[in-house]
Amino acid sequence: MEEPSRPSSDTLTTVESSSGEPDKEVASPDGAAPATFSSVEEPSPNPTAMPPVWDHGGPLQQVAYPASDSCQTGSTNTGVGTNEDLRLPRRRPPPGKQIPCSSPGCCLSFPSVRDLAQHLRTHCPPTQSLEGKLFRCSALSCTESFPSMQELVAHGKLHYKPNRYFKCENCLLRFRTHRSLFKHLHVCIDHGQNPAPPPPPALDKEPPVPERPPESDPSSSLGLPFPLLEPFTSAPTGPFLPYLNPAPFGLSPPRLRPFLAATPGPPASSTAIWKKSQGATSSPRRPQGGSDAPSGACR
């Protein structure tokens, strides 16, 4: 029975408070509402949906970010500084070290390489022809002198000639340069186009050729009616004319003439034709009692 009495007392207190202090009652819900909303919203924010910078702890985090950036820049600066410190000895010597001059008899030293390079120019000045200086030839038995080195070099070529020349193929002349050879070729070609001079009279006369005696002919010594060698223009004569038939082989009549004409007979061409026809018609002879004989004859 105690439970129903409690709500009635609560309702009475709320009514009295509402009648006595209306301003406080209106203010209390406003103050409680943000508390409830804050209590509900605090565990709900999603860190992935919205960055934490825009939550209630914004100003603190904004101050923290620049601090982290400054730390990162500081770390990078220190890293660059360490790299530069490591590369300094490779490119230039450390400060305070003097670089001595490498020329013999010079005890000077310089703090930088640039100063040393400028100092070395005093030891090795550029080559220049001094006023009044003469260059003498070093060849034996030559006392000439020249005001410049270029003239001395040009003069030295007279004493030491290179073993090189350009030879003309027409007149077999030799030249030191190809330009002089080209100039000579114009003159040499003009002379080559002109008619050659007549040869000396001693070369015109030739020794007489001794004539052969008439007995040296082999055909006359053998007593043959026809010579061994005759020109192709001569036509065959005698009884050999009907035997010369150039149709089978297409040869000229002088080539088919027999070598010895003492005994008349058919020429070699007709004999060859007769043997060829005889061999085509007759069959080859078989040996008797051979393997090709019929089986009845061997019984």
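Cβ atoms here come from the backbone N, Cα and C positions, even for glycine.
According to Swiss-Prot, the protein carries these features:
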type	residues	note
COMPBIAS	1-20	compositional bias 'Polar residues'
REGION	1-98	region 'Disordered'
COMPBIAS	69-81	compositional bias 'Polar residues'
ZN_FING	99-123	zinc finger
ZN_FING	135-159	zinc finger
ZN_FING	166-190	zinc finger
REGION	193-228	region 'Disordered'
COMPBIAS	203-215	compositional bias 'Basic and acidic residues'
COMPBIAS	217-228	compositional bias 'Low complexity'
REGION	254-299	region 'Disordered'
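Counted with DSSP, the zinc finger (99-123) comes out as 11 helix, 4 strand, 10 coil.
Note on the zinc finger (135-159): its mean pLDDT in the predicted model is 86. Helix first, then strand, then coil: DSSP counts for the zinc finger (166-190) stand at 13 helix, 4 strand, 8 coil. Each residue of the zinc finger (135-159) gets a DSSP state, and the totals for helix, strand and coil are 11 helix, 4 strand, 10 coil.
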